[in-house]
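Student: Below is a structure I'd like to ask you about.
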Amino acid sequence: MTDITTPFPATPHKLGLYPVVDSVEWIARLLDAGVTTLQLRIKDLPDEQVEDDIAAAIALGKRYDARLFINDYWQLAIKHGAYGVHLGQEDLDTTDLAAIHRAGLRLGVSTHDDSELARAIAVKPSYIALGHIFPTQTKDMPSAPQGLVELKRHIAGLSDYPTVAIGGISIDRVAAVLDCGVGSVAVVSAITQAPDWRAATAQLLQLIEGKE
């Protein structure tokens, strides 16, 4: 893991609603619906198969002046000038963090326990994601859910960092998550599997950011 001596560029302390989606189509829909922080997460495909989609998503993010993070594909994120990159713990050892830093991109890092939190803090990221908070079907997780007590404990020690809670957060759980002091709530199925994604997005924006 590359030693980083200066912090990655800052993001707002409260990133608000943070949908994580797997297609440019979802990026376009959510930007049009007023979302300003979001992540494109396409998994396990060669760079040449995803570059067009990543470039298109980044262009959309710039058009809407949004904070678009690219999951994993850091070289393409640098090439096309993304707002930021999001990495899992398993990516920290294999990614050229210094290259991301030199390019001026923001960095978000996933964490699941105290040891991973320490690793994340060591690279001085722009934000730290804490999860998974509740059981989730969206992604296979080797760790147990953190729950609200652990979330609150972790956030209490991260006052210098923007924080993002992720994992199994449905609309009816948002208020309890926010009460833990987190600055952002990441969602997947709460939007993508909602019977009416527009209504769900509007409700989440109102709950998390106070947007009508």
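Heads up, the Cβ atoms here are built off N, Cα and C, so glycines get one too.
Swiss-Prot feature annotations, pasted as is:
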- Gln39, Leu40, Arg41, Ile42, Lys43, Asn71, Ser110, Lys139: 4-amino-2-methyl-5-(diphosphooxymethyl)pyrimidine binding site (BINDING)
- Asp72, Asp91: Mg(2+) binding site (BINDING)
Student: Near Gln39 (4-amino-2-methyl-5-(diphosphooxymethyl)pyrimidine binding site), how many other Cβ atoms are within 10 Å of its Cβ?
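Tutor: Looking across every protein chain shown, the total is 25.
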Student: Per DSSP, to which secondary structure element type does Ser110 (4-amino-2-methyl-5-(diphosphooxymethyl)pyrimidine binding site) belong, with helix, strand and coil as the options?
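Tutor: Reduced to three states, the DSSP call for Ser110 (4-amino-2-methyl-5-(diphosphooxymethyl)pyrimidine binding site) is strand.
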Student: Would you mind ranking the binding-site residues Leu40, Ile42 by how many other Cβ atoms sit within 10 Å of each Cβ and giving me the lowest?
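Tutor: If we count Cβ atoms within 10 Å for the binding-site residues Leu40, Ile42, the smallest count is at Ile42.
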Student: If you draw a 10 Å sphere on the Cβ of Lys43 (4-amino-2-methyl-5-(diphosphooxymethyl)pyrimidine binding site), how many other Cβ atoms land inside?
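Tutor: Lys43 (4-amino-2-methyl-5-(diphosphooxymethyl)pyrimidine binding site) is surrounded by 9 other Cβ atoms within 10 Å.
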Student: Rounded to a whole angstrom, what is the C-alpha distance between Leu40 (4-amino-2-methyl-5-(diphosphooxymethyl)pyrimidine binding site) and Asp72 (Mg(2+) binding site)?
Tutor: 9
Student: Once the DSSP letters are reduced so that anything not helix or strand counts as coil, what is Asp91 (Mg(2+) binding site)?
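Tutor: The residue in question, Asp91 (Mg(2+) binding site), is helix (DSSP, three-state).
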Student: For Asp72 (Mg(2+) binding site) and Ile42 (4-amino-2-methyl-5-(diphosphooxymethyl)pyrimidine binding site), determine the Cα separation and express it in whole Å.
Tutor: 8
Student: Around Asp91 (Mg(2+) binding site), how many other C-beta atoms are within 10 angstroms of its C-beta?
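Tutor: Counting Cβ neighbours of Asp91 (Mg(2+) binding site) within 10 Å gives 16.
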Student: Ten-angstrom check, please: count other Cβ atoms within 10 Å of the Cβ of Asn71 (4-amino-2-methyl-5-(diphosphooxymethyl)pyrimidine binding site), all chains counted.
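Tutor: Result for Asn71 (4-amino-2-methyl-5-(diphosphooxymethyl)pyrimidine binding site): 21 neighbouring Cβ atoms inside 10 Å.
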Student: Can you tell me the three-state DSSP label for Leu40 (4-amino-2-methyl-5-(diphosphooxymethyl)pyrimidine binding site)?
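Tutor: Its secondary structure by DSSP: strand.
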Student: How big is the Cα-to-Cα gap, in Å, between Asp91 (Mg(2+) binding site) and Ser110 (4-amino-2-methyl-5-(diphosphooxymethyl)pyrimidine binding site)?
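Tutor: Cα-Cα distance, Asp91 (Mg(2+) binding site) to Ser110 (4-amino-2-methyl-5-(diphosphooxymethyl)pyrimidine binding site): 10 Å.
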